[in-house]
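Comments concern the structure below.
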Amino acid sequence: MSRLRRIFTLDSLIVPLVAILLGLIVGAVVMLLGGYNPFEAYSALIKRVVGNPYDFGETIRQITPLIFTGLAVAFAFRSGMFNIGADGQVLIGMTSATAVSLSMSGVSSSIVVPVSVIAGGVAGGLWAAIAGYLKAKRGINEVITTIMLNWTALYLSNYVIRHFFLLKGQNRSEDIGASAALTFLSGIFNNARVHWGIVIALLAALFFYVYLWKTKQGYEMRAVGFNQNAAEYAGMNVGRNVVKAMFISGVFAGLAGAFEVLGVFHYQSVFAASPGYGFDGIAVALLGMNHPFGVVLAAILYGVLTYGSAGMSFAAGVPPELIKIIIGSIIFFIAAQGIVRFVLKPFYLKRKKEKVL
Amino acid sequence: MDVLTLLGQLLNSTLVFSTALIFTALGGIFSERSGVVNIGLEGLMIFGAFAAGVGTYYAQEAGLGGMAPWIGVFAAILVGILGSLIHAVASITFKADQTISGIVINFLAAGLTVYIVKMLFNGSAETPLIKVFHKIEIPFLRDIPVIGEGFFNSYPTTYLALILVGVAYYVLFKTPFGLRLRSVGEYPGAADTLGVNVSRMRYIGVMISGALAGIGGATITLTTTSTFAHNTISGQGFIAIAAMIFGKWNPVGAFGAAMFFGFSQAIRNYVQLFEWSRSIPQEFIFMIPYVLTIIVLVSAVGRSSAPSALGAPYDPSKR
């Protein structure tokens with residue numbers, strides 16, 4: 001029995017690993033069909049990421065918002081909701097952080113930065129809580145409300161930036177001077193835009209784990225995620241949990257936005273279309289199988305592939321869109337585990353015999 | 001300009017924006033009525049827009065002239081069905097989470113299409129400009145005030161979409177096939193007992209959604225943009241999902257919702273003709289459809305009534 005259990009835990013690691021391998025193979029096949037050399041491309045990808053300290057630091061910069069948005073989507077999933085609106089929550093987080101930090105001119109940056117980050121997180125959370133509230137009170141499908149809120153957030157953000165904080169003659173806000181304080185270890189990374197956000201992101205993943213699996217509130221939230229009716233029957237307040245889960249999910253996304261503005265760009269652009277952070281977050285959450293530590297690993301994978309793709313297209317001429325095909329395939333193989341098991345079948349025959357006994 | 005002409009033009013413009021949404025939302029209804037969530041409509045539209053751009057280009061090269069856009073539509077249907085099969089295989093045969101495999105479609109479509117375009121057209125991220133559909137006037141009907149200008153001077157795809165709304169309604173609610181499709185989405189166990197092949201019905205539902213979303217995407221290439229690029233489809237698939245939910249998974253309801261979204265797109269251009277509108281920041285005008293949708297959902301529609309087996313892979317052993 002204990003042997004069986006060991007195999008099963010091994011199983012939960014093997015499936016994603018095989019899925020990643022299969023995804024990379026699909027990528028290689030697509031490259032071969034396009035007349036490119038996959039070995040050259042993949043080694044260029046790796047070289048780009050670990051080639052020098054600057055690029056390594058920039059890869060970390062790329063990974064940071066992916067962890068946040070991945071956690072946001074995964075947290076909502078765990079509570080039984082599909083937060084397709086991380087995109088809008090990121091934008092609201094950005095805008096609030098920009099607005100707060102630009103309004104506090106003359107204040108010491110050691111106060112401005114934390115206040116702005118918190119403002120971004122809370123604003124993102126409140127924005128998401130609208131969808132949670134409408135679901136709890138009126139039973140409105142959160143998918144439709146979060147899609148609508150994404151567009152609303154886009155235009156609202158543009159309005160705020162364009163009308164209150166616009167840099168004359170440019171399509172972006174004024175520079176946020178205080179935000180330089182967020183820079184982190186950039187000496188080591190040759191001035192790559194690494195910032196404290198990565199530390200907060202890892203702490204957020206830890207919080208996610210402890211809150212959901214080690215506290216009573218988290219237990220309730222997961223119970224609501226598993227079966228709303230059962231949770232209600234057990235005396236839990238489903239509505240309150242739904243709103244709270246969406247709030248926390250939105251806080252993660254809002255933090256992603258705040259750190260992107262304060263840590264990376266030091267200003268906010270007027271966006272013509274959604275920058276797409278939230279949709280990356282959906283992919284990361286799914287790759288990470290909605291577990292906080294899985295999300296961190298998935299964000300690393302996603303970030304490395306995305307940042308490395310530039311090197312790949314420079315050295316081997318492969319269009320960077322290939323990365324989306326690879327990511328899509330990996331998610332496909334993780335979701336359709338039946339296919340992975342089918343591939344692994346020869347290795348599993350022995351176990352099946354044990355099971356019959 | 002007199003008010004009637006203006007109204008007619010507004011209606012006409014509404015239809016131009018709504019057509020793609022109507023096709024795609026109808027497709028979504030067939031998939032979801034059979035019990036398969038289709039969040040991949042965006043990706044299927046991308047596949048369709050891509051196939052229309054490439055197919056029409058090669059048909060033009062082959063000297064097909066005015067037929068070329070129709071070849072594009074045909075290519076979009078084929079590629080849309082192929083794309084939807086990925087979703088069907090993963091979620092029906094391998095019982096993968098339907099939301100996840102839908103998102104896979106979105107990713108694969110965004111990646112594959114641009115990748116292939118770059119390969120076909122020497123690294124260019126856009127297909128060459130193609131000949132597109134022209135508006136067709138319907139004699140006599142065209143002369144009715146407002147409605148004539150609004151409906152009877154439209155693209156052929158718009159006429160097709162309007163006809164399809166009726167066809168979809170008839171098929172879903174008045175034919176044995178429609179009854180079976182719906183039963184599989186409501187209570188697959190019972191349908192199976194009565195001899196309905198659950199998997200086959202669901203495959204058909206998903207493939208119809210692929211074909212229709214493909215036409216939806218093609219519509220945008222062939223009436224609005226004249227070319228396919230990475231941003232040809234930017235969120236219309238998700239709006240179509242919203243239209244489907246808004247319309248309560250009913251073809252006529254979804255048509256109304258799609259018209260509503262199209263109208264709010266069209267009114268952007270027309271509201272600027274009036275003096276008073278200049279005092280309102282344009283961002284707020286852009287926001288109207290999305291905020292209004294939420295308000296309408298809150299005040300009127302209330303609880304959405306999704307098919308009861310939506311999202312659940314069918315497992316005969318758990319009947």
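Glycine residues also receive a Cβ, built from the backbone N, Cα and C atoms like all the rest.
TrEMBL entries are annotated by machine, without manual review.
Sequence annotations record features per position, and here TrEMBL assigns transmembrane segment to B:6-29 (among others).
The annotation transmembrane segment is assigned in TrEMBL to B:36-58 (among others). Away from its own ends, the transmembrane segment (B:36-58) comes close to residues 20, 24, 27-28, 68-69, 71-80, 82-84, 87-88, 91-92, 98-99, 101-110, 113, 116-117, 120, 127-128, 130-132, 185, 202, 205-206, 209-210, 213-218, 220-222, 225, 227-228, 232-233, 235-238, 240-241, 310-311 of its chain (Cβ-Cβ under 8 Å, at least six residues beyond either end).
The transmembrane segment annotation in TrEMBL covers B:70-90 (among others). Among residues of the same chain six or more beyond the transmembrane segment (B:70-90), those with a C-beta under 8 A of the stretch's C-beta atoms are 31, 36, 38, 40, 43-44, 47-56, 58-59, 64, 96, 98, 101-102, 104-105, 108-109, 130, 157, 202-203, 206-207, 209-215, 217-218, 221-222.
The annotation transmembrane segment is assigned in TrEMBL to B:102-121 (among others).
Among residues of the same chain six or more beyond the transmembrane segment (B:155-173), those with a C-beta under 8 A of the stretch's C-beta atoms are 15-16, 18-19, 22-23, 26, 29-30, 33, 73, 133-136, 181-182, 212, 215, 218-219, 222-223, 250-252, 255. Summarising the annotation, TrEMBL assigns transmembrane segment to B:155-173 (among others).
If you look up TrEMBL, you'll see B:203-225 (among others) marked as transmembrane segment.
For the transmembrane segment (B:237-263), the list of distant contacts is 10, 14-22, 24-29, 32-33, 38-46, 106, 165-166, 168-169, 172, 213, 216, 289, 293, 296-297, 301, 304-307: same-chain residues at least six beyond its ends, Cβ to Cβ under 8 Å. According to TrEMBL, the feature transmembrane segment maps to B:237-263 (among others).
The transmembrane segment annotation in TrEMBL covers B:284-302 (among others).
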### Task
Using a Cβ cut-off of under 8 Å, list the residues of the same chain at least 6 residues beyond the transmembrane segment (B:6-29) that approach it.
38, 41, 44-45, 145-151, 153-155, 157-158, 161-162, 164-165, 168, 172, 208-213, 215-217, 219-220, 223-224, 236-237, 239-241, 243-244, 247, 249-251, 254-255, 257-259, 261-263, 265-267, 269-270, 273
